[in-house]
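For reference, the structure discussed in these notes is given below.
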Amino acid sequence: MTKYVIRGGKPLHGEIEISGAKNAAVAIIPAALLVDGVCRIENIPQISDVTLILTILQELGADVRTVNRTTVDVDCSHIRNGKVPHELARKIRASYYLIGALLGRFGSAQVPPPGGCDFGGRPIDQHIKGFVAMGAEVDVRGGYIQARAKGDKLVGTQIYMDMVSVGATMNIMLAATLAEGMTIIENAAKEPHVVDVANFLNSMGADIMGAGTDVIKIKGVERLTGGSYSIIPDQIEAGTYMAAAAATGGEVLIKNVIPKHLECITAKLEEMGVDVEERDDAVVVRRAGPLTRTNVKTLPYPGFPTDMQPQVAAVLCLAEGTSVLTEGVWDNRYRYVDEFRRMGAQIQVDGKVAVIEGVDHLTGAPVRACDLRAGAALVIAGLAAQGTTEIDCIHHIERGYEDIVRKLSGVGADIRVVVTPDEEKQAQIG
Ligand SMILES: CC(=O)N[C@H]1[C@@H](OP(=O)(O)OP(=O)(O)OC[C@H]2O[C@@H](n3ccc(=O)[nH]c3=O)[C@H](O)[C@@H]2O)O[C@H](CO)[C@@H](O)[C@@H]1O
Ligand SMILES: C=C(OP(=O)(O)O)C(=O)O
């Protein structure tokens, strides 16, 4: 088994460079399926979710060429509309974007239900409602979501989302790009990655207006041709390192960010006594004094992101006083709390509300990452804790953080990857 071993208690000092956004990349790569030409995609994060989604595109016949560490050329001119393989699709949530993209390009799609972090249910009824409104028939047969346009093409229409859904907004946008006429998404999600996907599609020849507001208008076009596009920096990766600096103390310059995207996180850290200085494309996070309690509720953008909820919980565990954390997006995103308790955290959970009693210090312990951000939160807790923390199931963390060990070591953290002898032996045997 591969673990992270962290000897905590060291304030972080130095600089960290943020990679491209996971949640934009895993939608932009499937969006390339709509393009009849070469898309050069830059600032791609090196994470396992990206590798997987690129592999799925290759299985569908896309030509994927690595240009350099963060750039790929994706040519989907000659793709087939095959079934998306189960074993790949079920490993990630973002495989659901293949439904919108293939349906938009070919008028039909066969994609297994998605995977991703387990927060209770992760329904896709709003995605399906959108496809159906545009003239598709959708059912589940033989373990596949089967979607087919009744006519030759999908037809634009007005779609009112029952709740703000990032995934459904982007999936409908993908399906509508090559549809006939105008699609209007009302009550659309406004996340930075929604805007990024719209900008990517527009740069390839789409006609999308209003991304970043709650009404998005997509005028269908005949064809998308190639181009080049650079993915935005990862808001959540940046927020995670901001939380790490807040929890450990010290001073960290976090580079290659869009400070506007971080304001929801910055505001909460400042309430907790952390100093955040905004620069053009960087933030400096400093903490010298004690952390103070606050309340946090996760909400769709520009609210506090649910993908930062476990990481901010790690900081609140060390804040003086009682903090109330409310999860406003998912039913069950507190599965990590038992692992925090192993480190001495005092947290009570009742439904969507967690009450956190700050403690003077956490202590290192063997813990397990149950999902991506829960794993990142354990890293933060381990960095701040006294003693040694061993985190297993780190494959969850590697779905979404490029080079986390190198980046943290670069700011003075004592964190190592340890492969247990059993695994080493297996690797030698081949
Ligand atoms: C609003 C929000 O913060 N969404 C996050 C969510 O997006 P993701 O796309 O996974 O989730 P959604 O935004 O779609 O879900 C938001 C809420 O809507 C509900 N829902 C969603 C779709 C649907 O068809 N039916 C339905 O009921 C969900 O149960 C959830 O309560 O995880 C992504 C990856 O971690 C993040 O990048 C997104 O920022
Ligand atoms: C939950 C996340 O990812 P996914 O939806 O891909 O599981 C995340 O990015 O925080």
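Heads up, the Cβ atoms here are built off N, Cα and C, so glycines get one too.
TrEMBL does not curate its annotations; it predicts them automatically.
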Further binder of UDP-N-acetyl-alpha-D-glucosamine named by TrEMBL next to Arg93, Arg122, Pro123, Ile124, Asp125, Gln126, Asp307, taken from the candidates Val284, Val285, Val329: Val329
Close-lying binding-site residues around ligand 2 among Arg93, Arg122, Ile124, Gln126, where CB distance stays under 6 Å: Arg93
Averaged pLDDT score, the domain 'Enolpyruvate transferase' (7-408): 96
Listed recorded positions with Cβ under 6 Å from ligand 1, out of Lys22, Asn23, Cys117: Asn23
Pairwise C-alpha maximum, in angstrom, for the residues (Arg93, Arg122, Pro123, Ile124, Asp125, Gln126, Asp307, Val329) that bind UDP-N-acetyl-alpha-D-glucosamine according to the record: 21
Residue from Lys22, Asn23, Cys117 whose C-alpha is spatially nearest that of Pro123 (UDP-N-acetyl-alpha-D-glucosamine binding site), among the recorded positions: Cys117
Separation of alpha carbons, Ile124 (UDP-N-acetyl-alpha-D-glucosamine binding site) and Lys22 (phosphoenolpyruvate binding site) (Å): 20
